[in-house]
Amino acid sequence: MPGNNHKSRTSNKVMTLFVCFLAALAGLLFGLDIGVIAGALPFIAKDFNVTAHQQEWIVSSMMFGAAVGAVGSGWMSSRLGRKKSLMAGAILFVIGSLWSAGATSPEMLIAARVVLGLAVGVASYTAPLYLSEIAPEKIRGSMISLYQLMITIGILAAYLSDTAFSDAGAWRWMLGIITIPAVLLLIGVFFLPNSPRWLAAKGDFRSAERVLSRLRDTSEQAKRELDEIRESLKIKQSGWQLFQSNSNFRRAVFLGVLLQVMQQFTGMNVIMYYAPKIFEIAGFANTTQQMWGTVIVGLVNVLATFIAIGLVDRWGRKPTLLLGFLVMALGMGILGTMLHIGIHSQEAQYFAVAMLLMFIIGFAMSAGPLIWVLCSEIQPLKGRDFGITVSTATNWIANMIVGATFLTMLNTLGNAPTFWVYAGLNVFFILLTLALIPETKNVSLEHIERNLMSGKKLRDIGQK
Ligand code: BGC
């Protein structure tokens, strides 16, 4: 019955897209929670009369929670499964959003943001993992970049909603409105199937096959994939033991840590969290101008992510990263120099904004998506869960350090030198990329693993 066949193939495709969309919704929440604080912070600071140091804690408490959440979800997603982990994440998103909106003191807000952080940590570990296990092979790579796209859309949506509520200074609404997508995620997760890979790892091959046959075009395809999963399960996963016993695996874990440190110390989140403050430093005194400037930052971040999606498989990871770090170094460096000289005319103000946007483009076209892509490519199968847990937790710890030190740096070093420090770091990352980062374009994961485990230099593990 070809008609029926066609119908079921189409419905399986729709089902796969629906499943991927729901999982990517977790990326949207990740972005919303990163983005929302920039616009809300000035009003919170006024209401609670908090110091710069307390503001830094309000920003970075979420990152602390996220680091803990990422570590915890490594364990949770292998014990309870990806679906239940996402469900736990969604519940935490709902609780954290409501609690932070109703906070009556800075301490309570910090505690609520730790809960939100736990949710973001679970989402940032589980959602890409689930996507990579559920998506058909052909679209697996683009799924990771699309996940980053959802993060940037979340950040932009948060900036827009912040702007909408800013006239009234309604920071509780800014934080509280995120409850709506969080509830949607929670409802949606009920409809997600369990990951076939996780089911198989638990020995439930029958359910794994049932899920796969709902998500793949033909039952032959589903059977073939299940055979491959069965094959890969013969290699026993043993993250921590492997880490202790195998120095080549330790190198991959080190590389994952380094990649995430590089992503965060570009200084991107300084702008994500403190954009209105930076516009103020650049001479835009009016809050509405600062808010709209921030929205433009969010929009450019979304649009430039498409550059990465287009370049990553054509140019490759390494040249794209090198160009990105160069653009970021120039953006931060020139901005710092302008702050040093003083921004006295309107032209100078707009030029400063252009430099800020240039920095954003540099990040979104390179380190934003590519670091997540590389981190998922370099770990050997046996140590994948462990390696990705460590690199994801590093992302959040480094994120926290950047968020917790920016205002202090401005106050102690001064505005211009703070931006120069980040410019210098980006120059340093160009050198690190040349020395250590592999090119993994068009190479199979098994091949990368073989190169790594045979002791090839890190920068050569992608060689054919
Ligand atoms: C980073 C976040 C950052 C976001 C900005 C992500 O890849 O991990 O820290 O805020 O990109 O778009």
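Glycine is treated like the rest: Cβ placed from N, Cα and C.
Pulled from TrEMBL:
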type: COILED; residues: 205-232; note: coiled coil
type: DOMAIN; residues: 19-441; note: domain 'Major facilitator superfamily (MFS) profile'
type: TRANSMEM; residues: 14-45; note: transmembrane segment
type: TRANSMEM; residues: 57-78; note: transmembrane segment
type: TRANSMEM; residues: 85-104; note: transmembrane segment
type: TRANSMEM; residues: 110-131; note: transmembrane segment
type: TRANSMEM; residues: 143-161; note: transmembrane segment
type: TRANSMEM; residues: 173-192; note: transmembrane segment
type: TRANSMEM; residues: 252-275; note: transmembrane segment
type: TRANSMEM; residues: 291-312; note: transmembrane segment
type: TRANSMEM; residues: 321-343; note: transmembrane segment
type: TRANSMEM; residues: 349-374; note: transmembrane segment
type: TRANSMEM; residues: 386-407; note: transmembrane segment
type: TRANSMEM; residues: 419-437; note: transmembrane segment
For the transmembrane segment (349-374), distant same-chain residues with Cβ under 8 A (at least six beyond the ends): 128, 141, 144-145, 147-149, 152, 259-260, 262-263, 266-268, 271, 278-279, 282-284, 293, 296-297, 300-305, 307-309, 311-312, 317, 320-321, 323-328, 330-332, 334-335, 338-339, 343, 437-438, 440
Count the Cβ pairs between the transmembrane segment (110-131) and the transmembrane segment (291-312) that lie under 8 angstroms and are 6 or more residues apart in sequence, then report whether there are at least 3. no
Grab the pLDDT values for the coiled coil (205-232) and give me their mean, rounded. 82
